[in-house]
Amino acid sequence: MNTQIIQLEDTKLEVNNLNFHYGDFHALKNINMRIAKHKVTAFIGPSGCGKSTLLRSFNRIFELYPNQYATGEIKLDGENLLTSPMDISLIRAKVGMVFQKPTPFPMSIYDNVAFGIRLFEKLSKADLNDRVEWALSKAALWNEVKDKLNQSGDSLSGGQQQRLCIARGIAIKPEVLLLDEPCSALDPISTAKIEELISELKHDYTVVMVTHNMQQAARCSDYTAFMYLGELIEFDETAKIFDKPRLQRTEDYIKGRMG
């Protein structure tokens with residue numbers, strides 16, 4: 001049941017026999033899947049099903065916490081990220097992440113976006129300015145903040161802060177962008193802007209998102225994975241998952257007959 005290999009034109013991430021443990025708790029069980037390049041893939045399922053755990057495995061963010069470990073393979077363009085000798089900061093630069101709650105750094109709007117660029121690249125001031133403008137434009141925020149770049153990121157609204165975090169994430173030009181319930185703390189208007197942005201971002205990045213909002217998954221994603229109790233139950237094109245799922249358990253969840 002946890003092997004969901006669908007035919008893709010171009011695979012960006014390949015997950016093979018992935019297991020994850022929180023101490024003695026077996027949170028992910030033999031996950032196998034392929035994530036399509038330049039598409040949006042959504043993970044859905046009830047709370048505690050493992051969707052955020054799976055997402056956070058992709059850039060090894062779990063290593064920041066004790067007694068958590070993953071086994072198996074998560075391959076980015078063929079390289080297993082779980083065993084790669086690459087510096088972990090470079091892995092997280094390639095596989096960026098935006099969290100559920102907007103987390104602007106305690107610094108100016110400009111410095112929030114420039115922060116990662118300064119860590120990984122040596123750019124002239126002019127090139128840095130261009131990159132900051134580019135990232136804010138990509139995040140559909142430039143026109144709203146271009147005259148107040150020196151103001152604190154905390155001065156922005158919640159929706160603007162989340163777009164600032166997305167700008168910060170894409171400023172270092174990752175290959176994959178992970179979004180962990182990016183709209184759950186936002187109002188409907190801000191949510192609509194983020195959803196529109198997600199649809200644009202896939203032209204440049206491979207986007208993987210976790211959402212509790214099934215309508216959001218249906219609107220934004222190209223592929224959807226349904227998870228339950230640490231298992232990958234069904235994974236297919238989003239239209240197929242929502243219109244004609246293969247499994248009864250998937251249909252029950254989609255139609256609200258299970259929590």
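The backbone N, Cα and C atoms fix where each Cβ goes, and this holds for glycine too.
Here the structure is a predicted model, which means the values were calculated and not measured.
Positions annotated as domain 'ABC transporter' by Swiss-Prot: 13-254. The ATP binding site annotation in Swiss-Prot covers G45, P46, S47, G48, C49, G50, K51, S52 and rests on sequence analysis.
Features recorded in Swiss-Prot, as mapped to the structure shown.
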residue : record           : contacts (Cβ under 8 Å, 6+ apart)
G45     : ATP binding site : K51, F226, M227, Y228, I233, Y253
S47     : ATP binding site : H212
G48     : ATP binding site : L229
C49     : ATP binding site : M227, Y228, L229, G230
G50     : ATP binding site : F20, A27, L28, M227, L229, G230, E231
S52     : ATP binding site : F43, D180, E181, V210
Checklist outcome for this item: On the domain 'ABC transporter' (13-254), the mean of the pLDDT values is 96
Next on the checklist: On a simple 10 Å Cβ count over all chains shown, which one of the binding-site residues P46, K51 is most densely packed?
Outcome noted: K51
